[in-house]
Amino acid sequence: MGRKAKFDGTVVSTGPGRKAKKQSDPTFPKGLIEKTSGPLSRHQKQRAKKRLLKKNQNEKLREPKAKKSKVSKEVVKREKIQSSADENEEEEDADETPVEETSEEEEQDNEEVEQNQSLGLKSGPADSDDADSSEEEEENEDQDDSDDDGDDDNLLPIEKANKRLKKKQEKERKLAEDEMKDIATHQDIFTFPTEEELANPTSLKDVQQRIRDVIMVLSDFKTLRDKDRPRVDYMELLKADLCTYFSYNTFLMEKLMQIFPLSELLEYLEASEVQRPMTLRTNTLKTRRRDLAQALINRGVNLDPIGKWTKIGLVVYSSQVPMGATPEYLAGHYILQGASSLLPVMALDPKENERILDMCAAPGGKASHIAALMKNTGVLFANDINQDRIKAVIGNFHRLGIVNSVICSYDGRKISSAIKGFDRVLLDAPCTGTGVVAKDPGVKTNKDEVDVQRCCTLQRELLLAAIDCVNARSKTGGTIVYSTCSILPEENEWIVDYALKKRDVKVVPTGLEFGAEGFTNYRQHRFHPSLKLTRRFYPHVHNMDGFFVAKLKKFSNIIPKKDTQKDEEEEEEEEEEKEKDSE
Amino acid sequence: MDVVNAILEKNVNSNKSISVHKDLELEIDEGTLLASDYNVFDKENLRSSQDTYLKNLTRDNVQVLINKIWMLQTERVDEAIVGILPKPVFVLPRARSVPKPKPLTKWQQFAKEKGITSKKKNKSKVTWDEELEKWIPKYGYKKAKADEQKEWLVEVNDPTKFTNGEDPFTASKTAKREKQAKNELQRLRNLAKAKNVKLPRVGIPSTEHFRDARQLAAATTIARASTASVGKFQSRLPKEKDAKDIASHVPGIKKKRKEAPLSVVQEKQRNKKLAESILRSKSTILHVDAPVPSTKSAKSSNSGGKKKSSKKEGKGAKKPKGGKGKRDLRSKVGGRKRR
Amino acid sequence: MKRLSEERTKLVFEKLTKYLGDNLKVLIDRPDGTYCFRERKDRVYYVSEKILSLASTVGSDHLVSLGTCFGKFTKSGKFRLHITALNYLAPHAQYKIWVKPSAEQQFLYGHHIAKSGLGRITENTPQYQGIVVFSMNDLPLGFGVTSKSTADCKHADPMSTICFHQADIGEYIRSEDTLL
């Protein structure tokens, strides 16, 4: 059941996604593999020390003094080289350099060196540079050793050996680091694919690899770039690859690339592939969360509270019974609802004995939440234009035991002509649904510029209508909450910004403890600075569906009238902006 | 000559081989001269040069079909070579649905049941008339004319044919008309039977027409009002009421004035009263129910049980109500007392 | 939205008394404000007067539902309670039946309650009495009519029906479209 829910704002660990299969470790021929595994444990080290000591002593006994140092040196050298080679190996493993071949080569080189030395052969002219260099080092070290001998004669041979070993290790490490740098700087990690390669799409795995490579190049463009290629080329390639790999259409991917920095983009896309865990909301009109959880656990449901931020949400990990058909569900003790759906209602913060309107209520999850918070007092108007979907509202309301509701089916844009003077209005506007890609993968491909524009126009009209419905002189409220399940700024910040210009409203803090701040700058747009107070929610950060919540407060009932001409001009300007966008 | 040459040249160029290569063999049904090509279109060609591509494709396919036709058995009929087509395999789809069989008439059904088969099939439509020495059709205007010709003179006093004093011509005319009417009636009856329409039997309309008590009530109400005095002097059964829904259509029925809308408080009062009255009446019913012994317990228990029940009955018997019990609460709610 | 005529009110009340008995008065005379019965498209709604006055501005074409739907008048002029009325029936019910967990599911699929599924029953329930059905942990599941009195239940065959099914909360799923 998906990943573990961590709704309390902590960042969810993002490993490789479901699709990102880890590349298996490289395999080496048997002859090359040395039997060393990881750093030695303390006991092992001690034992090794003892062994060494014993050996040395034995040799001391056996051999004359003149030879002693040489032999011991040789032994030590062997040890050193071996260990350094091991270290190299370890480092490489840890770094996971994308290019395996180089590391392999290096290893082979090391191996060669080792062999040469262990056999006591002098490296011939055919030997590689590495071997030569190590030879030189050896000589150097010999000198060093002799110096050391002069300095600390009173040291035990083993200690001397230890010192020498350390020095050598240091040098080796330095060399290795330099080498790594060289590799990083000089070696071309990613070569731009030719057109033929692009024309013939390879396997998904290759595409994924390419995506990673391109992102790496883009993250350090100066050093890693191909000199002949401009950044645009890389971006285009990345876009095309992402489109094929995640099966988005170009338009949506372009939008997403504008919203997210590259580092986040991949995380977002991968998180969007996974369904969010099933969550449910306790109906506080009928039961308490603890009782409900107990009852459900008795039915074999594995669940947990969603997080600290809500006292009524539960997340279901697994269940032996269908969650939409348990007797508790039928008796209206809970309703299945996404975690993100709790947010706008919490932002709305309904109070008892108020008049509240939910403009786009179907299927009634959020509206019933409002009614539960009102404790069945006051009046709740649930509106939805769709006659079929509103049936679900009726069913849910009756099931959940909500009695203070009026359910009507107006066109939201015209509702202010029928009823007005609400204390609070919730507008969960119809949107393109780019935040809930996991639920409806069709969004990835079937949305384009026209859809977004259509949604925008509708959302603007709805938001203005919602603002008109609210009574600014209400003692308790006068607030409007605007929310969408889309992450496009066109459908969110832009709409709110538009409303700020058209009506006497201001953005107020949503009262939600977490969530990313809304945009104030988005490409060429500069929104009102107060839009920082709105909240955005992302699947990869908050582990819930992509969502946007803005809370507005109305401070006067006057509808500012501008000259119609001026309005039109503005509209035109916006149209132009849009056109620019699309370009 | 130039023209001819040009045509010839063209022909030379356009002469193509009769053998056609196809990736997938065509499915050919010689019976209907149908060849179906399941090969995939070459998209590039189709897009770039649609006309020529389709033309060539068609030619090839027709060539294949014609090759197949030439392989059929042929024979020579009047200087022409004719191929004999086998029976078609391909089932051509029908444009319209298969017509439903006509419903049988009453006679046809009867005949079918009894196994009566008419020998109409080989009957000719004309008969030889000895008198006129002519072939006369069995029906139609020619037959009528022939009859006129034959029966231009009828003997009046023929006791076998006509009763005395009757005009033989009118008699035959009425007889014919009656025959026609009967036939028409039978035709309509058959139609009604086929469409499952209920026909009234002769006489009073049957109760089958009033599927609903309300329909019957409506009918009686209308019938009562259908007199010269709009039903004013028609007697009524005790407690008989007019049908409700049709009050606006039937004259003479008293129309109830609409009540003034109650205020919420009044409505509440009314509801309270109603509830109390219902509860009162309900409680007696419930009481009656309680002491009745169940069938099972009655069986299992002997006379003792019965005694017990009778005792209870005595206990729960209605109190005398001083004439109030006879009043029908449902029919009258409040109002002026009638003396 | 219109007022119920007197006959129709009577029909509704008669039906409700089958389940509520004297508690019917609780619904009519409430301490927390005036509540009314209103009729729309043959459906009967029970709603607070406050909400009713606010909803009066909503056009009849656009109004879908308000308050609680109690039931509907059938084409033949009878009143039938819907499962949605359970909200009010359950707390005020006069006679109750509790069913065992094993029979719960059966009842929720629309079956009658057999003797074997009977957990508890209110003492001295008469035959053919309207009752509200609960699960053993006091979850209201629906309502029905007893086919046997409490006394008869004791001697009844385990497979014999104790209570006829009338409505259950499974209908929220089974007949979502037709119910409301």
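Note: Cβ is positioned from N, Cα and C throughout, glycine not excepted.
Features as listed in TrEMBL:
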ACT_SITE  A:Cys485  active site, nucleophile
BINDING   A:Cys360, A:Ala361, A:Ala362, A:Pro363, A:Gly364, A:Gly365, A:Lys366, A:Asp384, A:Asp411, A:Asp428  S-adenosyl-L-methionine binding site
COILED    A:158-186  coiled coil
COMPBIAS  A:56-81  compositional bias 'Basic and acidic residues'
COMPBIAS  A:86-114  compositional bias 'Acidic residues'
COMPBIAS  A:127-154  compositional bias 'Acidic residues'
COMPBIAS  A:566-583  compositional bias 'Acidic residues'
DOMAIN    A:268-555  domain 'SAM-dependent MTase RsmB/NOP-type'
REGION    A:1-156  region 'Disordered'
REGION    A:561-583  region 'Disordered'
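Distance noted between the C-alpha atoms of A:Ala362 (S-adenosyl-L-methionine binding site) and the residue listed as 'active site, nucleophile' is 14 Å.
Here the C-alpha separation of A:Lys366 (S-adenosyl-L-methionine binding site) and the residue listed as 'active site, nucleophile' works out to 13 Å. The most densely surrounded of the recorded positions A:Cys360, A:Cys485 is A:Cys485 (count of other Cβ atoms within 10 A of its Cβ). Ranked by how many other Cβ atoms sit within 10 Å of their Cβ, the binding-site residues A:Ala362, A:Gly364, A:Lys366, A:Asp411 place A:Asp411 at the bottom. Under the DSSP three-state reduction, A:Lys366 (S-adenosyl-L-methionine binding site) is assigned to helix. Separating the Cα atoms of A:Cys360 (S-adenosyl-L-methionine binding site) and A:Cys485 (active site, nucleophile) is a whole-number distance of 13 Å. Looking at A:Gly364 (S-adenosyl-L-methionine binding site) and the residue listed as 'active site, nucleophile', their Cα atoms lie 16 Å from each other. A:Cys485 (active site, nucleophile) sits 20 Å from A:Asp411 (S-adenosyl-L-methionine binding site), counting Cα to Cα.
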